[in-house]
Amino acid sequence: DATDRCCFVHDCCYEKLTDCSPKSDIYSYSWKTGVIICGEGTECEKQICECDRAAAVCFGQNLRTYKNKYMFYPDFLCTDPTEK
């Protein structure tokens, strides 16, 4: 679904940051009139923030597609019908 697509794009964004530590680096950001603004910092911090900002926007745009029943659904049970 759309939520999974947001996660996939976010994971891909992180994978492109080969010289960064997106799961442990801390960055600054602000929230103004409904817009996330990435703050100053290293190039890695800015790129990580952009990945997270894009994911937050994606999740927000697709809130209605989220299904609670899949919250802890095991990855190995996920299949893409287009791959069959």
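Each residue, glycine too, has its Cβ placed from N, Cα and C.
Unlike curated entries, TrEMBL annotations are predicted automatically.
Listed features, source TrEMBL:
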type     : residues    : note
ACT_SITE : HIS10       : active site
ACT_SITE : ASP52       : active site
BINDING  : ASP11       : Ca(2+) binding site
DISULFID : CYS6-CYS58  : disulfide bond
DISULFID : CYS13-CYS51 : disulfide bond
DISULFID : CYS20-CYS44 : disulfide bond
DISULFID : CYS38-CYS49 : disulfide bond
DOMAIN   : 1-79        : domain 'Phospholipase A2-like central'
Proximal but sequence-remote residues of the same chain as CYS51 (disulfide bond) (Cβ under 8 Å, at least 6 apart): HIS10, CYS13, TYR14, LEU17, PRO22
Pairwise CA distance, CYS44 (disulfide bond) versus CYS38 (disulfide bond), rounded so that it is a whole Å: 12
Same chain, 6+ residues apart, C-beta under 8 Å of the C-beta of CYS6 (disulfide bond), given in sequence order: ALA55, CYS58, PHE59, ASN62
Stretch-averaged pLDDT - the domain 'Phospholipase A2-like central' (1-79): 92
Recorded positions listed as ASP11, ASP52, least Cβ neighbours within 10 Å: ASP11
Structural state of CYS20 (disulfide bond), classified by DSSP into three states: coil
Number of Cβ atoms other than its own within 10 Å, given for CYS38 (disulfide bond): 18
Entry from the disulfide-bonded residues list CYS13, CYS20, CYS44, CYS49, CYS58 having the most other CB atoms no farther than 10 A: CYS49
Distance from ASP52 (active site) back to ASP11 (Ca(2+) binding site), taken between C-alpha atoms, in Å: 10
All-chain count of other Cβ atoms within 10 Å of HIS10 (active site): 18
